[in-house]
Amino acid sequence: MTLFMRDCKIQFPQMINKSIMLLGLVVLHSTFINGKTTCKWQFVEEWHTQPLSYMVNWTLTENICMDFYGDCWFGDVNTKMNTSGNQVVPQICPLQIQLGDILIISSEPSLESPEINLMNVSEASFIDCLQNTTTEDQLLFGCKLKGMHTVNSQWLSAGTHYFITVTASGPSFCHLGLRLNVTVKEQFCQESLSSEFCSGHGKCLTEVWSKTYSCHCQPPFSGKYCEELDPCSYKPCENNGSCINKRGKLNKQGYECICYPPFTGIHCSEIIGQCRPRICFHGNCGNITASSFICECDEPFSDNTPYLFQSNANDE
């Protein structure tokens, strides 16, 4: 494989010394992976308004996780990964950052003698450490990885990016774990750049495996940007009635109460078969039982005979 290196002249040590050094790295790596490394995650994070810098040590001696479906990704959540098979993919602990953050790669001094660089690849190539096409367009840096390098923002657009180690010759460090996937998240918490985050009624948050930041609203607000007031949050339906939000529909109060017998009315505060406002158009209403009432009509709407009404509790 030929690596494209600009402005970097590399003098390799004698082949025997190089082989001894590489063998030492493999032994060190094998010793390290006997212990289990669990990647540490913050399950919920809030969007920060100023960019943060993240340093990733490009080394075989720390932050290498071995179980693709375990210590790298915390069991159940990694079922969301679009991969096939239960493959062991040793890798540097995955990173999740927000759009605009800065990523710095710091190389292990023992890795500076081999001529190595980082390459952007597909997810499938990341899993199998495939280096099918090596071009300058895929290399992250213009010269070999030595010391600290800042990753160009072109490799940190929104989405998930996969970086593997490539070498001019010798063993594949990628298979030993020198590979990193970085998920870069954008936020959808503002209607416009001048708008307040979540309309000032919530927080702009992301969770592990969420692809973006979004608004988590404080009651009684809801909506994509927490811009809507939820009338059901005030619990207007009495007697265990269910509240249905009717915003955007022809409904004056903005909600509808679904009542359970024997209750009825706008707020489920009335009883089926008992007096309700204006049920006796021209007269006075009087309850007789839980399911019957009587109207005593006013003159001249009455023949002096009260009218008795009975209602089934299942009917309104």
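Note: Cβ is positioned from N, Cα and C throughout, glycine not excepted.
Keep in mind it's a predicted model, so treat the numbers as computed, not measured.
Candidates considered were CYS204, CYS226; the recorded disulfide partner of CYS217 in TrEMBL is CYS226. In the disulfide annotation of TrEMBL, CYS215 is paired with CYS198 out of the candidates CYS198, CYS237.
In sequence order, the disulfide-bonded residues near CYS215 (disulfide bond) (Cα within 10 Å of its Cα) are CYS226, drawn from CYS226, CYS259, CYS268.
Confidence across the domain 'EGF-like' (185-227), taken as the mean pLDDT and rounded to a whole number, stands at 93.
Cα of CYS259 (disulfide bond) to Cα of CYS198 (disulfide bond): a distance of 34 Å. The Cβ of CYS217 (disulfide bond) has 20 neighbouring Cβ atoms from other residues within 10 Å, across all protein chains displayed. Among the disulfide-bonded residues listed here, namely CYS217, CYS226, CYS268, CYS226 has its C-alpha nearest to that of CYS198 (disulfide bond). The Cβ of CYS226 (disulfide bond) has 22 neighbouring Cβ atoms from other residues within 10 Å, across all protein chains displayed.
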